[in-house]
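A.B. asks: Questions regarding the structure given below will be posed in turn.
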């Protein structure tokens, strides 16, 4: 099973990615993770990416593409993979298509988790994190026993700068501008399946399993 997972910040992609990878026994390939791995291992591609990142520049598509393609060449991807965070634009999608075509591999499904904008904002701005032990909370769905105090270590909880309203609105705008053309691209290729992410985690996962089961037939 070869799958791409799309969805805005706050859609629960990370949670679903772990479940999909386990259910279908395929590696979860997060571009953030493989970038960090290349930086840690000080690979040539990692060094190249770091040059751009140190200057505050976006890493060019050709570098990102190569980092992802190197990961897809590994043995654990022979029977499938789940791509999370890539492609981010149509140019990357076209390069991925070319790469897979050259390998004689086809993409089974592109899952697009959709969540109402208001719900996304509530999910993200409600997050609270313990700066001491890393525990995470949500002021509505999983609050601490005492307001703003970590249950585990007693430290004051914080709201990450990325989770503040202004930052969330900007992140959603960037995602929408980048992803709308991608959604159109995969719709034309008849590989896109929209998933209602407003449901519970388990309900969303059941819908994903059904979609992937139908595609795998």
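Glycine is treated like the rest: Cβ placed from N, Cα and C.
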A.B. asks: Give the range, chosen from 126-163, 164-201, that Swiss-Prot lists as region 'LID'.
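C.D. replies: Within the set 126-163, 164-201, Swiss-Prot attaches region 'LID' to 126-163.
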A.B. asks: Taking 30-59, 60-89 as the choices, which stretch does Swiss-Prot tie to region 'NMP'?
C.D. replies: 30-59
A.B. asks: Compute the C-alpha separation of residue 14 (ATP binding site) from residue 31 (AMP binding site), stating it in Å without decimals.
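C.D. replies: Distance between the two Cα atoms comes out at 12 Å.
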A.B. asks: To the nearest Å, how far is the Cα of residue 88 (AMP binding site) from the Cα of residue 127 (ATP binding site)?
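C.D. replies: With the alpha carbons as reference points, the distance is 25 Å.
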A.B. asks: Are there residues at least six beyond either end of the region 'LID' (126-163) with Cβ under 8 Å to its Cβ atoms? List them, or say none.
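C.D. replies: Contacts with the region 'LID' (126-163): 171.
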A.B. asks: Given a separation of at least six residues and a C-beta threshold under 8 Å, show me what packs close to residue 133 (Zn(2+) binding site) in the same chain.
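C.D. replies: Long-range Cβ contacts: 150, 152, 153, 155.
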